[in-house]
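According to TrEMBL, the feature transmembrane segment maps to 43-73, 123-142, 223-247, 267-293, 329-347, 359-381, 414-431, 451-484, 496-516, 536-556.
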Amino acid sequence: MAALGALVKKVWSVRRVLVLLCAPLALVPVLLSLPPKEGRCLYVILLMALYWCTEALPLAVTALLPIILFPFLGILPSSKVCSQYFLDTNFLFLSGLIMASAIEEWNLHRRIALRVLMLVGVQPARLILGMMLTTSFLSMWLSNTASTAMMLPIANAILKSLFGEKNTSKDMNRENEENQASLHQNKLYTVPTEMQFLASTEDDAPSDLKKEEEYKTNIWKGFLISIPYAASIGGTATLTGTAPNLILLGQLKSYFPECDVVNFGSWFMFAFPLMLIFLLMGWLWISILYGGIDLRGWKTKKSNLRVDAEARAREVIKEDYQKLGPTKFAEQAIFFFFCVFAIMLFSRDPKFIPGWASLFAPGFISDAVTGITIVIILFFFPAEKPSFKWWFDLKAPNTEMQPLLTWRKAQETVPWNIILLLGGGFAMAKGCEESGLSVWIGGRLHPLEGVPPPVAVILITIVIALFTEFASNTATIIIFLPVLAELAIRLKVNPLYLMIPGTIGCSYAFMLPVSTPPNSIAFSSGHLMVKDMARTGLLMNVMGVLLLSLAMNTWAKSIFQLGTFPAWANIHAENATAPLTAVDNVTLSALNKI
């Protein structure tokens, strides 16, 4: 096995070198087949897309290529390229990452998770629901990967208390088979032991032990598979929950500078109900598929084995919660600032009523200003309850107070590579706009002008959800958003009507272990097989596409004014393409009839 692993590593290294060297040469015909500036920009985008999909270079390193290639190829000056890497959208994301670091530093996320599990109960279906609710809530604020990595050890501890070590019975059966084979080979015959006698009686007639073993295996799989799915679903509920949401916001500001419809509050009002509905549907599907909910035997009385196992699980959760000790002052302070963080972002400009930002000059206060304001407080607010006596006691020692979060901790825990990845996406979008490539792409979309917008939404979501099964969701949305923006202009529909489903569809990657880091973490536990994820994820993808289409054609229309072709998109269309003479197109009329 070691030799095979070494061979695989060598093959992968050779493949990476070949992609790095051959891809720039293979894409040279693109430079010759298009107008000069558009061809050069498309060359850079295809090269980055190839590197992202093959991971020939680290994702963040590939995101830095526009800084080199755009100036050298005459697409954009370096001053315009570099400024894209630190837009206010990046700082909004940074504020969310810093808040997540503070929450993890004081174990507030673990206390919340265990508390929720204590409230929902220890029956398998309820525990799966508790796991999914907790993971999705954490994923709204922490990264999907961090939420999954934190919840899986808790799930494993509960599963071991419910069923013991999963591999014990398999190892025993394997050992018995090996012993029997050696005995028969040597023509020896032994008197059956008590365990072998019980095993033989199990083969003669179905027993409760066999059913319990099958039940245990299914529940174990259901637990493990529900966590990464909940993390992917939960990340869609907030703008800071996952990188594609912020890429949408950044590219909207690049393509449509006058668009101010999408902010933290409006996105939350749209995405949070969708997340809840999808989460409940996913819970029902996983619970039914893996035996958490038995539709045939719901009246059957539970066996004593299951009653005892649930009692043990309840004790494990309670014991883990007690190990955290009483709530510390730092945890209370972090929870307070977290609530202020969420409330201020939501209420800045909720659209249906004037937000607190209306008290200041229009356009000066953004979500980034709000987020950074709160997280800066974390770096000087004391982690221990301050004593007012200290100020009046001249003999008191002058000890330095520990803040809620130190800069060293933030440096270690914040994934800075994601910020560079966002910047690379924004630079790519700017290059498409300045070079005229977006106009060229729009000119090639004539065959799609007759597609009804609702059908376009479903097709876009399906294509992107399938594409992101094999590629990074961040890279996927960076590649597709410029195309969706131009397609919306051609269809004469609100660009958000196509760009939002594309963005959320990037997070609906459930079928393969390589689709997302949370899927890979759950799969690495060794208790899941590819076919388990494929059969579970297929219906999850279908449900996601249908629910997203429902959301876009119902409550999203009123939140984002999707029934009209907005003025901010009309201005872009006039500048980038031919003048728009008829806004109320047939396709727009079809959208309004929904």
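Along the chain as shown, the residues are counted starting at 1.
Backbone N, Cα and C define each Cβ position, glycine as well.
Please treat TrEMBL annotations as automatic predictions, because they have not gone through curation.
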Pairs of Cβ atoms less than 8 Å apart decide it: which stretch in 43-73, 123-142, 267-293, 329-347, 359-381 has the most with the transmembrane segment (223-247)?
123-142
Among 43-73, 267-293, 329-347, 451-484, 496-516, stretch most in contact with the transmembrane segment (414-431) (C-beta, under 8 angstroms):
43-73
Counting only residues at least 6 beyond its ends, the same-chain positions whose CB falls under 8 A of a CB in the transmembrane segment (329-347) are 95, 99, 102-103, 106-108, 111, 141, 264-265, 268, 355-356, 367, 370-371, 373-375, 377-378, 381, 383-385, 404
Close approaches to the transmembrane segment (451-484) from elsewhere in its chain (Cβ under 8 angstroms; 6 or more beyond its ends):
45, 49, 52-53, 59, 242-244, 247-248, 251, 255, 418, 421-422, 424-425, 428-429, 432, 437-438, 441, 445, 491, 493, 495, 497-499, 501-509, 511-512, 514-516, 541, 544-545, 548-549, 552-553, 587-588, 590-591, 594
